[in-house]
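> Let me begin by handing over the structure; questions about it come next.
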Amino acid sequence: MSNDIEFRKLEHLFVCNYCDVEYKKGTLLEDVELIHSGISNCDLEDIDTSINLFGKNLGAPIIVAAITGGHSKAKEINKNIAIAIDELNLGMGVGSQRAALINEELMETYSVVRDYTSSLVLGNLGAVNFIEDGWDEETIHKAVEMIDADGMAIHFNPLQEAIQPEGDYNFKGIEILKDIMENYNKTYNNKSNKKIPFIAKQVGEGFSKEDALLLNGLGFDSIDVGGSGGTSWAAVEYYRIKDEESKKFSKKYLEWGIPTAASILEVKQNFDKPIIATGGIRSGMDIAKSMAIGAQCCGVALPVLKAALRGSEDVIKLIENYIEELKTTMFLMGCDNVNELMNSRYIIKNELKEWI
């Protein structure tokens, strides 16, 4: 099984880099109008983009969203990302750690990040595996120890699992996560005196307000909305499928999901803890819009993956451009800091207006 997972990780990297896997429909952030300040009353050079997330100070509200791990090629990618986030004082998440839990030889493809950064690093485990594979608090402990994680993302990916040839389909009984997360912090927080925040993470399909209510009840500390508009994992799996009938079936779901902006607005109705916006974040203005409507931080994945394949310097340049654009947008809105941005006025129009 470990070889199958390792090969699948490599296929995912190849498809994401060389195939068209992005949604054709947008994030609906284009339907968010930020309010220009004709006066500004700010000094562009003094704009403060820093935030505190999960007890870590970040230079900007940006994390490199979970991308990869579990293959030798992934080690170099995670290394390049870690170098970049350390340079810029940002955060990152690793890809699903299941491969390394099955095959310990793959652990270094994840743990390499701690050779290059002490910044915020989030672990990653699949929600479905707690049901299908009987994972528990000990599994979480192993994943945390593997990368000295500052938080643990539990990802929900029903669409990908439904289309993936090797998919796990049983998400029934996800309520078991409540006891598992509580037991983890009771057992291991006492030993390390380090409470691990748990993040419910979508991977491109988005969460609804009903989802947010359930996740809040389960005790999650944060929600990463992972809305549609960026990478479509249905598209990624479409390119992997060999059978033509299965391809036709999967093609119907290439545009499925709640757009990122809509998911932010949905989730914040029933969740008052940190919201992370991922899914089609492609500019500093996207970050500003996401935070104005309810996010506390944003994540970027696919553009960083492509840059990381070239090297850490390309990752740094890419994210520096995002930060510069974010600062300029805040300056034009008259926002000196992120708190002011998060409390700024905005206008919702067109299709996004139908979600509120």
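The backbone N, Cα and C atoms fix where each Cβ goes, and this holds for glycine too.
Source: prediction; values computed, not measured.
Quick paste from Swiss-Prot:
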type: BINDING; residues: Arg8, Lys9, Ser96, Gln97, Arg98, Gln160; note: substrate binding site
type: BINDING; residues: Ala66, Ile67, Thr68, Ser96, Asn124, Lys201, Thr231, Gly280, Ile281, Arg282, Ala301, Leu302; note: FMN binding site
type: BINDING; residues: Glu161; note: Mg(2+) binding site
> Which ones in the same chain are close to Ser96 (substrate binding site), with CB under 8 Å and 6+ residues apart in sequence?
Ala66, Gly69, Gly70, Asn124, Leu125, Gly126, His155
> Using only C-alpha positions, which one of Arg8, Arg98, Gln160, Glu161 is spatially nearest Ile281 (FMN binding site)? These are the binding-site residues in the record.
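Closest recorded candidate to Ile281 (FMN binding site) by Cα: Gln160.
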> Name the one residue among Arg8, Gln97, Gln160, Glu161 whose Cα is closest in three-dimensional space to that of Thr68 (FMN binding site); these are the binding-site residues.
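Checked the binding-site residues Arg8, Gln97, Gln160, Glu161; minimum Cα distance to Thr68 (FMN binding site) goes to Gln97.
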> In the three-state scheme derived from DSSP, which category covers Arg98 (substrate binding site)?
helix
> Quick one: what's DSSP say for Thr231 (FMN binding site), helix, strand or coil?
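Note: Thr231 (FMN binding site) is in a strand by DSSP.
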> Taking Thr68, Gln97 as the binding-site residues to compare, which has the smallest set of other Cβ atoms within 10 Å?
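Thr68, out of the binding-site residues Thr68, Gln97, has the fewest neighbouring Cβ atoms within 10 Å.
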> Around Arg8 (substrate binding site), which residues of its chain at least 6 apart sit with Cβ under 8 Å of its Cβ?
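Set apart from Arg8 (substrate binding site) by at least 6 residues yet with Cβ under 8 Å, we have Glu166, Arg240.
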> Any same-chain residues 6+ apart from Glu161 (Mg(2+) binding site) with CB under 8 Å of its CB? Would you list them in sequence order, or say none?
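Those within reach of Glu161 (Mg(2+) binding site), by Cβ under 8 Å and sequence separation of 6 or more, are Val128, Gly167, Asp168, Tyr169, Phe171.
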> Determine the minimum-neighbour residue: among Asn124, Gln160, Thr231, listed as binding-site residues, which Cβ has the fewest other Cβ atoms within 10 angstroms?
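Sparsest of the binding-site residues Asn124, Gln160, Thr231 by Cβ contacts within 10 Å: Gln160.
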> Express in Å, rounded to the nearest integer, the largest CA to CA distance found among the FMN-binding residues Ala66, Ile67, Thr68, Ser96, Asn124, Lys201, Thr231, Gly280, Ile281, Arg282, Ala301, Leu302 named in the record.
23
> Could you find out if DSSP has Asn124 (FMN binding site) as helix, strand or coil?
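For Asn124 (FMN binding site) - judged by DSSP and reduced to three states - the answer is strand.
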